[in-house]
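Read the structure below first, then the notes.
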Amino acid sequence: MTNMSLVTTFILMGLPHAPELDTFLFGIFLVIYVLTVVGNLLIMLVIIMDPHLHTPMYSFLSNLSFIDMWYCTVSTPKMLMTLVSPEGSAISFPSCVAQLYSFHFLGSTECFLYTVMSYDRFLAISYPLRYASMMSGRTCALLATTTWLSGSVHSAVQTTLTFRLPFCGPNQIQHYICDAPPILKLACADTSTVEMVIFVSVGVVASGCFLLIVLSYTSIIHSILKIRTSEGRWRAFQTCASHCTVVLCFFGPGVFIYLRPGSEEVVDRIVAVFYTVMTPLLNPVVYTLRNKEVKKALLKFKDSHVLTKQ
């Protein structure tokens, strides 16, 4: 079916809340957005500046920081605009297409990247002596590139399927971003096939990645239990605990929204805040507070910056 859309502008209905909370919510989300961007920028800068962090693990972490910085930028500024003025709720058809593609591109890439990061930790802990040869710079670059390309293809499929439908009636999207489920409800055609394809597509990617992550960490736990010293076991556990925390916070809300039967618009919008706004903030918080190497590099970066000023 060719696109016969008559709708040229969509209206984002934003978060469900009382109007008197506009200013309060704007302030909260603005602070979170600024902290997220600054925190992830700082992680990328520290990893680039410190030669000791030029390892596969931190290369993947810098990719994750870059994704999270743009992931929240795709959704949060527009959400802030809906809170300050009614005009800010409007989004043109091409902009909505771009936002949906970017949102799922970055989200899918992050999903694949978490899988690669778990595989990297599996190699580092299970095969410490062979790790350097197994996860070479070339292999690391190839895995990172594959995650970006896979995310791009996965998002292109969802975006094409969604916007090839005709939109000729209501234009109010019951969300604060252009996302596939609420947009499909506005289509002037049968969407059951498209919904099923998107459901299977997201399901295969999410469940496949999560299964691989679980398998990696099952093997990691098995290897950790073989470590003879309690100190060694604790250090190995710490390297993975932060990754597990962020993974659960990312997959949990996403699975709840995309892979459960039925849809409750108000609940979906509130849950979506966790993986569009909170998870990108968790990345710099978790990886700086729980990671000794990053904390040490941050202190070194701070000291060198102070000396430069003097």
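Each Cβ is built from the backbone N, Cα and C atoms, and glycine gets one as well.
What TrEMBL says about a protein is an automatic prediction, not a curated fact.
Sequence annotations record features per position, and here TrEMBL assigns domain 'G-protein coupled receptors family 1 profile' to 39-287.
Tertiary proximity for the transmembrane segment (24-48) is limited to same-chain residues at least six positions away from its ends with a CB under 8 Å from its CB atoms, namely 15, 17, 54, 58-59, 61-62, 65-66, 68-69, 72-73, 76-77, 79-80, 83-84, 277-278, 280-281, 283-285, 287-288, 294, 297-298, 301. Here TrEMBL flags 24-48 (among others) as transmembrane segment.
Residues or ranges marked as transmembrane segment by TrEMBL: 140-157 (among others). Non-local neighbours of the transmembrane segment (140-157) in the same chain are 56, 59-60, 63, 101-113, 116, 119-120, 201, 205; each lies 6+ residues outside the stretch with a CB under 8 Å from one of its CB atoms.
For the transmembrane segment (196-215), the list of distant contacts is 108, 111-112, 114-115, 118-119, 154, 157-158, 161-162, 180, 247, 251, 254-255, 258-259: same-chain residues at least six beyond its ends, Cβ to Cβ under 8 Å. Summarising the annotation, TrEMBL assigns transmembrane segment to 196-215 (among others).
Long-range contacts of the transmembrane segment (236-258) within its own chain (CB-CB distance under 8 A, at least 6 residues past either end) are made by residues 107, 110-111, 114, 117-118, 121, 124-125, 181, 199, 202-203, 206, 210, 213, 217, 220, 223-224, 227, 268, 271-272, 274-275, 278-279, 282-283, 286-287, 290-291. According to TrEMBL, the transmembrane segment annotation covers 236-258 (among others).
Under the heading transmembrane segment, TrEMBL lists 270-289 (among others). Residues 15-16, 29, 32-33, 35-36, 39-40, 42-43, 61, 64-65, 68-69, 71-72, 75-76, 103, 107, 175-177, 179, 242, 245-246, 249-250, 252-254, 256-257, 295, 298 of the same chain sit 6 or more residues outside the transmembrane segment (270-289) yet have a Cβ under 8 Å from a Cβ within it.
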